[in-house]
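**Student:** If you scroll down you'll find the structure; I have some questions about it.
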Amino acid sequence: MAAQEQLSAIKRAKVLMVGAGGIGCELLKTLALSGFQDIHIIDMDTIEVSNLNRQFLFRQSHVGQSKAKVARDAVLRFRPNISITPYHANVKESRFNVDFFKEFDVVLNGLDNLDARRHVNRLCLAADIPLVESGTTGFLGQVTVHLKGKTECYECQPKPAPKTYPVCTITSTPSKFVHCIVWAKDLLFAKLFGDKNQENDLNVRSSDTANSSEHSEDVFECRKDEDIERYGRRIYDHVFGHNIEVALSNEETWKNRNKPRPIYSKDVLPEKQTKENGNKEKGCAADDVSAMVSLSLKNPQDIWSLVENSRVFLEALRLFFLKREKDIGNLTFDKDDQLAVEFVTAAANIRASSFGIPLHSLFEAKGIAGNIVHAVATTNAIIAGLIVIEAIKVLQKDNNNYRMTYCLEHPSRKLLLMPVEPYEPNRSCYVCSETPVSLEVNTQRSKLRDFVEKIIKAKLGMNFPLIMQGASILYEVGEDLEEDMVAIYAANLEKALSELPSPVTSGSVLTVEDLQQEFSCSINIKHREEFDEEKEPDGMLLSGWVEAPVDKDNNKPIGNDESTSNALPSGETLEGEKDDEIQETSEVVEAFTGKKRKLSEVSEVTAPDPSGPSSINQNKPKKLDIDDEADELIISDDWESLTKKKKL
C-alpha cells in the first residue's frame, strides 16, 4: 500500500528543475526512470564541448544548442510517454514569478551560481513551495531540503567568503602563480580586450614624463599606422619591463622580498624570430583561432619556456586583432575561449618568470583561471539520486525523514554518505525571518547609485529593487513606470543619501523590496565618516547577523550547538570580501556535521560566541567546501585536511 501511495504521489507531481548541466542531466534521467510524468526544466546555457565528458545527454552534434531542449529530446527517446517542458531562459526573467512557481509541487535546483540560487530560494519562500538544493565539487557533494517555516532556508546561514587577494598583491607583489593568473585575466586581458576606459594599475606612467613621452600617453591604445607586431612588443615591454622597473624604484617594498626582474621582448625574442609568428596558421577558422596551432604547440600539459610563452603572448594578441577585431572592447575572459586561455596562460607565465614563481602548463592555468575543479560524473549521479529520494519524501509529506546528505571523498565514521537531519530556520535570517540588517555609510558622500549597486544588488541579491523611507519612494525599477518618474529616480541615483528628497541620515530605516522575488528587507542606517580604502573599498559596511541569546548560567548560546553552517556574529560583514578586491572564486558552500538532530530538539539556531572559545562540538568534522555542479574552484586554507583520509 505504501509503495502504491508513493507511486501515485510521483505520477501526480509537477516538478520544476532549474539547471540542466552536470547534475541536471543525471537528475532528469533519474526523475524520468523513477516514474515522474510532468517535468519542467529551466536553463539559459547552451552546450559546450567541455560539457560532453560528464553531461551524458549531449553529443558533439549538439554543441551550441540549448541544454534544456536537447536534454528533453534525449530523455523522451527512452521515456516517450512523459511530459517534459524545456525553457531556454534565465530563471530570473519576469515570467518565472511567484505565480509560476506556485504551479509546482517541488523545485529541484542544479544551479552553478550563488545569485540564481538566492533568487530561486526567495521565490520558493514566497510561493511556499519546497526546495531541494544540491551541489558537487569533484568527489564532494551535498543535498539539502528547504521548507518554509520548518527548515533553514538556503540563505539562513551566510556562505563562506570566496578567497580574495588585495589589489596591491596582484599588481605589485605576487608570490603565487594564482596571483599572476588573476593579474593576467582580470587586469591585462580586461584592459586590452575589454573596456579600455576601466581604471586599473597597469598603465603606470614614468615619473619623468619629459624624458619618456612614450609612457605619458595611454600605451594600450594602438597608434595610427602602427603594425600589430610593434604594438604587441610595446605592450609586452610596458607591462613586463617598464612597470617592473617602476615597482623596483620603491626600495622599501623589496627590503624583505625577492626583487623581480624586468623582461623586455628584445632580450627574449629578437625581432627576426617573432616575424615567424603567424606564418604557420594551418586552417584556423575565424571562430576557432589558436596561437598554439599557429606555433605548432600541441600538448596543453607541456610547460612552455619563457621564449615559448613570449611567442604565444605576441601571437595570441596578433590573432585577436587580426581575426577577432570586432570583439575587442567587449570581451570578458571565458575559460572556453581557447585564444583567451592561451593569452592569459602566456601572460601569467611571463609575469611568474619575472617574480621567480614556477611556471605552469596551459592545462593547469586554465583550471585556475576558469575556477575549475574537474567534475566527477559519479558524484553527479549520486547527488541526483539523493535529490529524487528527498523529492519523493517531500511529495509524501514525510516530514520526519527529511535528510540533508553530504557525499564525502573518504569515509568518515565508516560512511561516504553523511545524513544530517534538517535545522529550524535561523531567527536572525534577513530573508526568511525578516531580521533587519545594518549599514554603516557616509551619508553625505555616498550616492544612492553606490547603495543600489554595491549593497542592494551585489550584497542582497535583488534584481528589481523598490527603496522606501517611510511612505517616500526613493528609487524604483519597473517597465510600467511613467517617464517623469523614471527621470526623477534617475536623478536620485546621482544624489548623496543625505541630499535625497527624503534625506537618509544616521538613524534612518530604509525598506527595500524586490517585487519579483516578493522579498522585503529593512536596513538600519548608521553614518560613519571614514573607511579604510584597502579593507573597505566600497565605503560601506553591511552587517546583519544578530548574535544569539546567551545562557547566562553556561555563558554560551541557547540551543543546540551544531548547524549546517555557522552564522556570522553581530557586526561581521555580510558576504565578507569587498568588490574591489580581486575574487579568486565564487561562494556557495555548506558545512556538515555527523551528529543528527531533530527539529523538535532545537530551540534556536545560533551563532558561535565570538568573544570566547567556539561552542561548536570539538568532534565536529571540518567544513566541506562544496560548490556547484561542475566548474567552480573552492580554495580553503584547510583544504588538505578536508580531503585527506581520516584514521578511524
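Using N, Cα and C of the backbone, Cβ positions are placed for all residues, glycine too.
Pulled the feature table from TrEMBL, pasting it below:
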| type | residues | note |
| --- | --- | --- |
| ACT_SITE | C168 | active site, glycyl thioester intermediate |
| BINDING | 19-24, D43, 51-54, K67, 112-117 | ATP binding site |
| BINDING | C153, C156, C429, C432 | Zn(2+) binding site |
| DOMAIN | 4-412 | domain 'THIF-type NAD/FAD binding fold' |
| DOMAIN | 323-366 | domain 'Ubiquitin-activating enzyme SCCH' |
| DOMAIN | 439-531 | domain 'Ubiquitin/SUMO-activating enzyme ubiquitin-like' |
| REGION | 551-627 | region 'Disordered' |
**Student:** Are there residues of the same chain, six or more positions away from C432 (Zn(2+) binding site), whose CB falls under 8 angstroms from its CB, and which are they?
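**Tutor:** Once residues fewer than 6 apart are set aside, C432 (Zn(2+) binding site) is near L125, K148, G149, C153, E155, C156, P425, N426.
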**Student:** Cβ within 8 angstroms of the Cβ centroid of C153, C156, C429, C432: which residues besides those meet this for the Zn(2+) site?
**Tutor:** L125, E152, Y154, E155, P425, N426, V431, S433
**Student:** How many other Cβ atoms sit within 10 Å of the Cβ of D112 (ATP binding site)?
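**Tutor:** Neighbour count, Cβ to Cβ under the 10 Å cut-off: 21.
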**Student:** Given a separation of at least six residues and a C-beta threshold under 8 Å, show me what packs close to D115 (ATP binding site) in the same chain.
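**Tutor:** For D115 (ATP binding site), the qualifying residues are K92, G461.
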**Student:** Can you work out the mean pLDDT of the predicted model over the domain 'Ubiquitin/SUMO-activating enzyme ubiquitin-like' (439-531)?
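**Tutor:** Reported value for the domain 'Ubiquitin/SUMO-activating enzyme ubiquitin-like' (439-531) is a mean pLDDT of 91.
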**Student:** Any idea what the Cα distance is from N53 (ATP binding site) over to C168 (active site, glycyl thioester intermediate), rounded to a whole Å?
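**Tutor:** With distance taken Cα to Cα, C168 (active site, glycyl thioester intermediate) is 39 Å from N53 (ATP binding site).
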**Student:** Round to the nearest Å and give the CA-to-CA distance linking C429 (Zn(2+) binding site) with G22 (ATP binding site).
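**Tutor:** Computed Cα spacing between C429 (Zn(2+) binding site) and G22 (ATP binding site) is 30 Å.
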**Student:** Using Cα coordinates, what distance in whole Å links G22 (ATP binding site) and the residue listed as 'active site, glycyl thioester intermediate'?
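**Tutor:** Here the two Cα atoms lie 37 Å apart.
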**Student:** How long is the line from the C-alpha of D112 (ATP binding site) to the C-alpha of C168 (active site, glycyl thioester intermediate), rounded to the nearest angstrom?
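**Tutor:** Here the two Cα atoms are 30 Å apart.
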**Student:** Compute the C-alpha separation of D43 (ATP binding site) from C168 (active site, glycyl thioester intermediate), stating it in Å without decimals.
**Tutor:** 38
**Student:** Measure from the CA atom of C168 (active site, glycyl thioester intermediate) to the CA atom of G19 (ATP binding site) and give the result in Å, rounded to a whole number.
**Tutor:** 37
**Student:** Please list residues from the chain of the residue listed as 'active site, glycyl thioester intermediate' whose Cβ is under 8 angstroms from its Cβ, counting only those at least six apart in sequence.
**Tutor:** E534
